[in-house]
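Worksheet: one structure, shown below.
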DNA sequence: AAGGCGATGTTTTTT
DNA sequence: ACATCGCCTT
């Protein structure tokens with residue numbers, strides 16, 4: 001039922017091997033593998049690196065390999081360690097293995113994410129790192145709150161040295177498997193040179209709270225492996241074969257984790273694609289995959305290069321872009337598929353027009369009026385670099401009524417109301433959970449402000465007890481005045497009551513926990529945990545808080561709370577629920593209705609769509625300026641891999657676009673087409689002419705729109721240097737005060753629009769008439785009669801006299 | 001204690 | 001532009 005069911009892996013081993021050994025019957029799972037895939041499946045022993053390009057059937061090979069290992073009697077299901085990064089990937093792999101086996105074999109208990117597997121291991125050996133086996137896993141909120149307290153306590157200006165940043169540093173250290181004492185002295189700059197000290201304090205606090213953060217799950221395991229040879233040896237013996245998916249995304253800590261476990265037999269198979277490493281910013285080390293053969297001498301390296309997903313043009317475009325990266329392991333994707341459409345490239349005046357055009361294009365493809373076939377909405381996706389780009393599309397699609405769904409929005413369990421409710425549940429399960437107490441003590445408002453909360457903290461600290469007990473004492477001693485007193489008393493008693501009810505609930509389940517069984521005698525009537533959850537939310541006033549809330553999102557939040565309670569049904573008790581939620585952030589209720597998908601490039605990894613739109617290919621946005629500033633060439637190369645990932649998501653139609661103007665942080669900015677566009681091989685690209693732009697003016701200037709296709713003789717360098725391209729870039733770079741513009745299909749000639757002066761009466765399509773009151777570069781400050789004072793790009797307004805002649 | 005206002009910092013995201 | 005956050009006012 002649960003993901004890491006304690007249907008214990010080790011005990012499962014007690015079943016004799018003979019019962020499992022399956023007679024060698026025709027190996028169905030091998031039938032439709034290509035020679036390379038087959039090689040990856042059959043190279044069972046020793047280190048194997050499977051370099052699997054996009055769409056080359058890597059999961060197929062990986063799952064077949066697992067089945068093969070079992071069929072050949074090399075390992076029982078519970079002796080195979082298969083690691084993924086996401087729960088989704090783990091789930092899919094389980095399903096596929098199950099399907100290949102064609103029979104219900106008891107699950108593979110050691111197939112899961114790095115984190116879930118680490119939890120499983122850590123619970124068995126928690127005491128080795130000073131934890132109890134029922135430790136809790138903090139979410140980011142709790143982590144930040146805890147750090148903030150430490151920073152304030154250390155008398156460090158929290159504004160100059162924010163807790164978020166420290167959290168990031170600590171995370172980075174943990175990703176590199178650095179415990180506080182191992183952090184290089186040079187790296188603790190900031191926080192008054194007390195960064196590592198704070199890190200150490202934080203670890204101490206976690207231990208006191210019997211808690212870990214996400215990074216700890218892995219790091220503690222590594223620590224245990226490194227310091228307890230006997231424990232490590234046990235697991236090395238246990239996991240006879242190790243498989244790792246998305247190896248290019250592993251960080252140092254994960255690498256150590258794997259290497260320690262694989263040290264003995266070296267039966268480790270890593271699957272990945274260095275060209276799809278896009279998580280360097282969160283600690284992933286491409287170096288891990290580049291170094292594999294050195295780390296594991298004698299490794300068999302198998303390249304999967306036959307692509308089953310995309311057309312040749314799409315593959316060629318992707319290959320062209322990625323070839324600009326240095327230090328690749330190098331693969332050349334090929335396909336037997338027919339040519340199909342070239343990658344389409346189109347420029348737009350601004351982001352809104354881009355969204356409008358894509359919306360129309362999607363509808364046209366849906367109707368099949370593009371002469372390129374018919375594609376349902378669920379076959380089409382828009383992949384953006386940064387999530388704020390999604391807005392333009394959402395706005396546009398809402399106005400034209402085009403159904404869409406955003407993938408990877410805030411996850412269910414990350415929503416405020418869900419976290420609040422969870423904090424209540426946590427308090428009910430363990431009243432001493434101080435972080436949960438802090439979160440909801442004044443939520444809903446109980447008249448307990450900063451002062452009251454500080455008093456509770458002080459009382460608790462002096463007595464060396466939890467906040468819950470501290471609050472009880474404070475109430476008893478009358479140390480808290482007036483209105484808050486009664487409410488705090490009610491809160492404290494509420495926690496007591498709910499806690500008692502959870503204990504009661506344990507008996508219903510059968511009381512596997514001895515400690516709980518002993519206490520049950522004192523507990524009141526047992527209560528079903530789903531009902532209990534409702535009671536808690538009701539009695540605490542939390543539900544009422546949202547019912548009384550008049551904001552438009554309140555109903556949705558209540559809906560989510562209902563959903564949360566419903567989700568509880570699938571668990572045995574509140575404890576069990578909380579145990580698992582921290583690691584499993586399921587994206588549920590994604591109806592597979594006919595909808596266009598909108599998501600970031602990161603979220604798109606591993607997915608594929610017949611039709612893909614890649615908007616916003618503009619320097620600074622994509623590649624992201626920040627990425628380049630922070631990580632230089634490395635950053636640029638990662639951005640380029642992102643471009644590669646984007647293009648290779650497309651099966652049949654891939655459309656790249658950019659806009660000349662875009663609002664960035666509220667300010668209009670001229671944009672240059674992405675340098676990645678220059679890297680697209682001309683022979684595989686078709687340049688489209690945007691509608692409403694014809695002849696002369698903007699049309700000719702921008703990207704040689706006049707021609708319908710790059711001349712095949714023109715190499716990419718020439719494209720970049722082509723007159724039209726050049727002119728457009730010059731234009732963008734010099735940013736003339738007045739640019740020609742397109743208004744409702746009417747092209748206004750640039751020469752007719754002279755530069756503006758203060759006092760000019762102008763017209764703006766959205767804001768109406770106004771007077772120019774200031775000029776700064778190509779931006780005008782205009783006092784609009786209806787919209788008030790706005791800053792607009794000069795190209796967006798016309799002389800009011802001229803506007804009068806326009807047929808609006 | 002709670003609501004309102006100006007300074008601030010804006011990627012990508014899993015567990 | 002826009003949301004978040006800390007501070008300041010009531």
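Each Cβ is built from the backbone N, Cα and C atoms, and glycine gets one as well.
According to TrEMBL, the features are:
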- A:52, A:53, A:54, A:55, A:56, A:57, A:58, A:59: ATP binding site (BINDING)
- A:31-311: domain 'UvrD-like helicase ATP-binding' (DOMAIN)
- A:312-606: domain 'UvrD-like helicase C-terminal' (DOMAIN)
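Mean per-residue pLDDT, taken over the domain 'UvrD-like helicase ATP-binding' (A:31-311), amounts to 92. In this structure, residue A:59 (ATP binding site) is part of a helix by DSSP.
Listed in chain order, the extra residues whose Cβ falls within 8 Å of the Cβ center of the ATP site residues A:52, A:53, A:54, A:55, A:56, A:57, A:58, A:59 are A:273, A:304, A:307, A:308, A:309. Cβ crowding, taken as the number of other Cβ atoms within 10 Å, peaks at A:52 among the binding-site residues A:52, A:54.
Cβ-based neighbour count (10 Å, all protein chains) for residue A:55 (ATP binding site) stands at 22. Secondary structure from DSSP puts residue A:52 (ATP binding site) in a beta strand. Residue A:59 (ATP binding site) is surrounded by 16 other CB atoms, counting those within 10 A of its CB over all protein chains shown. Summary for the binding-site residues A:53, A:57: the Cβ-based neighbour count within 10 Å is maximal at A:53. Sequence-distant contacts (6 or more apart, same chain, Cβ under 8 Å) of residue A:58 (ATP binding site) comprise A:50, A:52, A:271, A:273, A:304.
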